[in-house]
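Worksheet for the structure shown next.
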């Protein structure tokens, strides 16, 4: 869906969560560190969830 086209958002908080986002340029789900707040929908707890929703 459209959340897969949203940019990666780390957010202003300083927690350390390993998450995955769909990189629309490469067509792959890629790990990133999420700060814990003010993210968007392109933020998945697992690689499997990212691939399932974004069909990567």
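For all residues, glycine too, the Cβ spot is worked out from N, Cα and C.
According to Swiss-Prot, the feature disulfide bond maps to 4-54, 13-37, 29-50, an assignment based on similarity to another entry. If you look up Swiss-Prot, you'll see 4-54 marked as domain 'BPTI/Kunitz inhibitor'.
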*In sequence order, the disulfide-bonded residues (13, 29, 37) whose C-alpha falls within 10 A of residue 54 (disulfide bond)*: 29
*In the chain carrying residue 37 (disulfide bond), residues 6 or more apart in sequence that have Cβ under 8 angstroms from it*: 11, 12, 13, 15
_Where residue 29 (disulfide bond) falls in three-state DSSP terms_ = strand
*Rounded to an integer, what is the Cα-Cα distance in Å between residue 50 (disulfide bond) and residue 4 (disulfide bond)?*
9
*Compile a sequence-ordered list of residues in the same chain as residue 4 (disulfide bond), six or more apart from it, whose Cβ lies below 8 A from its Cβ; state 'none' when nothing qualifies.*
22, 24, 42, 53, 54
*Cβ distance under 8 Å to residue 29 (disulfide bond), same chain, sequence separation 6 or more: which residues?*
20, 21, 22, 23, 44, 47, 50, 51, 54, 56
*Does DSSP give residue 37 (disulfide bond) helix, strand or coil?*
coil
*Fewest other Cβ within 10 angstroms of its own Cβ, chosen from the disulfide-bonded residues 50, 54*: 54
*Tell me, how many other CB atoms lie within 10 A of the CB of residue 13 (disulfide bond), whichever protein chain they belong to?*
13
*Across the domain 'BPTI/Kunitz inhibitor' (4-54), average pLDDT on the 0 to 100 scale*: 98
